[in-house]
């Protein structure tokens, strides 16, 4: 037969396990926000995309849209910047604007 202290101990273990799982799930589900952009406007004639998906960034960082391209930034608690939407058109690296003749011919 189980004693009362064994039952209390098992119940406490189950409660702690449930709270731990809930805490981990909350951290995984909560996709952080982008902080305020450091450079909202860009003086370059091209963009530099360091990320084209949220999976391109390390854990604890998000892919954010900035003036000079997409960059991985540390997550913020408040939505101040623009988060990159996975599946949007994006090209890694230096991206130059199309030249006038490229609109008519696919170069």
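Using N, Cα and C of the backbone, Cβ positions are placed for all residues, glycine too.
Residues annotated as signal peptide in Swiss-Prot: 1-30. The domain 'WAP' feature in Swiss-Prot is assigned to 31-76. According to Swiss-Prot, the disulfide bond annotation covers 34-64, 42-68, 51-63, 52-90, 57-72.
All features noted in Swiss-Prot, drawn onto the structure.
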{"residue": "34", "record": "disulfide bond", "CB count, 10 Å": "23"}
{"residue": "42", "record": "disulfide bond", "CB count, 10 Å": "13"}
{"residue": "51", "record": "disulfide bond", "CB count, 10 Å": "21"}
{"residue": "52", "record": "disulfide bond", "CB count, 10 Å": "18"}
{"residue": "57", "record": "disulfide bond", "CB count, 10 Å": "20"}
{"residue": "63", "record": "disulfide bond", "CB count, 10 Å": "23"}
{"residue": "64", "record": "disulfide bond", "CB count, 10 Å": "27"}
{"residue": "68", "record": "disulfide bond", "CB count, 10 Å": "17"}
{"residue": "72", "record": "disulfide bond", "CB count, 10 Å": "16"}
{"residue": "90", "record": "disulfide bond", "CB count, 10 Å": "19"}
Residue 57 (disulfide bond): nearby disulfide-bonded residues from 34, 42, 68, 90, Cα cut-off 10 Å: none
Disulfide-bonded residues near residue 72 (disulfide bond) (Cα-Cα within 10 Å), from 34, 42, 90: 34
Summary of DSSP states over the domain 'WAP' (31-76), given as helix, strand and coil counts: 3 helix, 17 strand, 26 coil
Separation of alpha carbons, residue 68 (disulfide bond) and residue 34 (disulfide bond) (Å): 15
Among 42, 52, 90, which are recorded as disulfide-bonded residues, the nearest neighbour of residue 63 (disulfide bond) by Cα: 52
Cα-Cα distance linking residue 64 (disulfide bond) and residue 52 (disulfide bond), given in Å to the nearest integer: 9
When distances run from the Cα of residue 90 (disulfide bond) to each of the disulfide-bonded residues 51, 64, 68, the nearest one: 51
Cα separation, residue 51 (disulfide bond) to residue 42 (disulfide bond) (Å, whole number): 17
Alpha-carbon spacing, residue 64 (disulfide bond) to residue 51 (disulfide bond), which is rounded to whole Å: 8
